[in-house]
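First up is the structure itself, then whatever we jot down about it.
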Amino acid sequence: MWRCGGRQGLGVLRRLSGGHAHHRAWRWNSNRACERALQYKLGDKIHGFTVNQVTSVPELFLTAVKLIHDDTGARYLHLAREDTNNLFSVQFRTTPMDSTGVPHILEHTVLCGSQKYPCRDPFFRMLNRSLSTFMNAFTASDYTLYPFSTQNPKDFQNLLSVYLDATFFPCLRELDFWQEGWRLEHENPRDPQTALVFKGVVFNEMKGAFTDNERIFSQHLQNRLLPDHTYSVVSGGDPLCILELTWEQLKQFHATHYHPSNARFFTYGNFPLEQHLKQIHEEALSKFQKIEPSTAVPAQTPWDKPREFQITCGPDSFATDPSKQTTVSVSFLLPDITDTFEAFTLSLLSSLLTSGPNSPFYKALIESGLGTDFSPDVGYNGYTREAYFSVGLQGIAEKDIETVRSLVDRTIDEVVEKGFEDDRIEALLHKIEIQMKHQSTSFGLMLTSYIASCWNHDGDPVELLKLGNQLAKFRQCLQENPKFLQEKVKQYFKNNQHKLTLSMRPDDKYHEKQAQVEATKLKQKVEALSPGDRQQIYEKGLELRTQQSKPQDASCLPALKVSDIEPTIPVTELDVVLTAGDIPVQYCAQPTNGMVYFRAFSSLNTLPEELRPYVPLFCSVLTKLGCGLLDYREQAQQIELKTGGMSASPHVLPDDSHMDTYEQGVLFSSLCLDRNLPDMMHLWSEIFNNPCFEEEEHFKVLVKMTAQELTNAIPDSGHLYASIRAGRTLTPAGDLQETFSGMDRVRLMKRIAEMTDIKPILRKLPRIKKHLLNGDNMRCSVNATPQQMSQTEKAVEDFLRSIGRSKKERRPVRPHTVEKPVPSSSGGDAHVPHGSQIIRKLVTEPTFKPWQMKTHFLMPFPVNYVGECIRTVPYMDPDHASLKILARLMTAKFLHTEIREKGGAYGGGAKLSHNGIFSLYSYRDPNTIETLQSFGKAVDWAKSGKFTQQDIDEAKLSVFSTVDAPIAPSNKGMDYFLYGLSDGMKQAHREQLFAVSHDKLLAVSNRYLGTGKSTHSLAILGPENPKIAKDPSWTIR
């Protein structure tokens, strides 16, 4: 996977949500792993490594142990923390000097087989032989990272063995290079009369990546600002330059870059360090001697005067104003990221300059009305050796480029003169305190990503983690010099000659020109072929297709057994009590580290139908327009000072027993330090009772930003949009899901953003508020420590008594609603006093009939996103478990080969959602009709039963790795709160998963897949397709 970017701001502190179930208890009150690690001493010799630093980092509850490998000089960092979700990563400094994508294609190809594990594609096969909570690989601008995580010690050793062999001893076969990188091949590899075309997974991935105008801008920004060395090229590969890479060059790059002397090893969690060191030394490092890698990145030569560049991109078909599609930014080169305190200071400074409606650049640029949103890469970018700061606007008229540049300069002058308000600095430091206390299930992954860039350039990763020291020093600098930050702005922005103004305008023929250049390149390569070359291409194509189609013996790979999976789930203790009369509140006592997490769910059943499409917009602006006596700036300041964020989001929650029944509502979410709980609940009180819907100008700004963000998300999420659309006509909830989260929402926001008079939309918000922001049909949830519960109960009760209630009961808009009490299980998962259980008010449509719809959304992309959805059964139906295993089986044993390996798409597969919709999808796919045919073949394959018990067991392991993914303390009990899923119901489903057999898979394949057009729907996002255009059964949008 290629990523243009890395650590931005305080990336380590960004919250990542947990999974949907947790298999082992969190033990943050224990520090056994830290204490064990503190026993190591400087100079200790352990399995070929020498300890050279042991440091306690109490603010992150960990002990850091730095080591060096004696024979190779390989660096090693172990972070001991009492976390069961253990992580390993190995990182190589990869510094390409051209845009052929060699590090990216190498990242793909090393995972295609190795000396110890010579079977094809061991990486993807391990997804089904493991209980990993994460497996992937990333190519950044100057390093390549291979991380995995798991909670199972045996699994950790298995995955470590595969990763070590893949990275240090890969096969690097020519056919794998052809498949993953690029190749010339006949359109139909079995017919030499068909045209020769370019194919390859990375080739298509990068074509897809550069359909995203934000990616194009970000890539050029880095290339132009840092032109001297490796940052001047595209590490992921420019599609047209990829076509120049040879297999020999790939092997040479591995030989010079994938060596222990150029490697950094990282482990995290509560597994013993000695076992890791022993295995890494014996299986990999003992076979190497030290070299001096010539991979260092030299410092960029500073400019003596600012520079300007203009680039072009494809047009935005969702632009709210076609004459305003230009992007411009002003960027400044900053110091080396290995100066950790300076990097920390500049990261904070960046947030003060650009984050939220009180920041100087928000006021000057966003509220100018010139554009729709900040330019890409706004703020501090710390993922290159020297960081940079960038700020500007997208969605502007070309004539306003100079105006934006002047506004940037003027804002810098004002900040130098006036500085920042104390409250804004305190709010930012409060945010850091919250983020240090908040516990993510993916903390190890966050840490390895956070330290990667600094460590890559020989900075001290442990210093980077000592956030307490950095904060103390920052406060001291401010105290000793009140103009500390103003002087930084003057030094790095006002007086900085290394300054780039980059502008990007749309070219209506951009994609056409790119296609023409590719066609010319193809013509040149084809014309240069001799008859012998053509014959060799034909034979190689046949050989590759034969290899892809041949059953692979993966017995060489290590694997867990189904018996390694825990048979039962742990109990989650919950208390549900009625508060303020009849509002159920769920309390979940957890080790939240001094944090309180509050949520409320409010039903939309009484909301008039014509207001329903505007609910997502209502949610996105609710906490940003002001409330009570606070205007929107003051509200933003209070939210930053007193909470870790307050948000609202629409939800369509499926029933667990009926496909045509669902719950609709809005989830309100927030978190805070326990000392600020009364203030947070008071803010919710004001938002519910006295929201401000009069600020028309700021509402316009928020509408434009939302519309722009939705449009920008399409290239990365096209497969999700296709699946949501394809599921629209299969269940009653599907139509609402499309309204809330699909292309219908994107198009509606575009229309609203285009309106010259936005008052009619603004007037809808108080009407929605009347039905939503009250105590009717509401339930609440709190996660906090046991010690905080009494204080929490009082604060929540005060909030619930303060909010309005309807004088008379409003009738639901939909005629059929049912009241469904949420069950409590005998397993002790929820203590529910008699008469106070949660009652969900569900919408049901007993006469609903599914129907088929085929939609092709025309997009200016050179790749496609294809989705097919099939209506099956709800969660509690025993067939749901079989279909879940079947989806994984079809992905691993059929669709991966057909769609990715043969078809060249970046991704594809099958999945079963909680709502009973079975989806087949592809991502960044050069094909459409062929992919739909592959979906059909996958169904035929499933119905044929050509899979073994070993295949079924592997699919179960893969499914359980998701089912048993860790859940953070903040998210415990959420399945019960939102979906009504008790531990007893989840245990029953778990037993159904264990019981899935060959006969059951065969039965559900024949019963649900391919049974009739009415239960299937299709959607595609992508370029025009002549075959689809001629087919009257398709709707073209």
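Glycine is treated like the rest: Cβ placed from N, Cα and C.
For reference, Swiss-Prot has these:
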- HIS104, HIS108, GLU205: Zn(2+) binding site (BINDING)
- LYS759: N6-acetyllysine (MOD_RES)
- LYS770: N6-acetyllysine (MOD_RES)
- LYS770: N6-succinyllysine (MOD_RES)
- LYS849: N6-succinyllysine (MOD_RES)
- LYS884: N6-acetyllysine (MOD_RES)
- LYS946: N6-succinyllysine (MOD_RES)
- 803-834: region 'Disordered' (REGION)
- 1-15: transit peptide (TRANSIT)
Set of same-chain residues at least 6 away whose C-beta sits under 8 angstroms from LYS759 (N6-acetyllysine): GLU696
Cα-Cα distance linking HIS108 (Zn(2+) binding site) and LYS946 (N6-succinyllysine), given in Å to the nearest integer: 29
Set of same-chain residues at least 6 away whose C-beta sits under 8 angstroms from HIS108 (Zn(2+) binding site): ALA137, GLU180, GLY181, VAL201, VAL202
From modified residues LYS770, LYS849, LYS884, the one whose Cα lies nearest HIS104 (Zn(2+) binding site): LYS884
Integer Cα-Cα distance in angstrom, LYS849 (N6-succinyllysine) to LYS884 (N6-acetyllysine): 24
Other C-beta atoms that fall within 10 angstroms of the C-beta of GLU205 (Zn(2+) binding site): 28
Candidate with the highest Cβ count within 10 Å, taken from the recorded positions HIS104, LYS770, LYS849, LYS946: HIS104
DSSP three-state assignment (helix, strand or coil) for LYS884 (N6-acetyllysine): helix
LYS884 (N6-acetyllysine), number of other Cβ atoms within 10 Å: 27
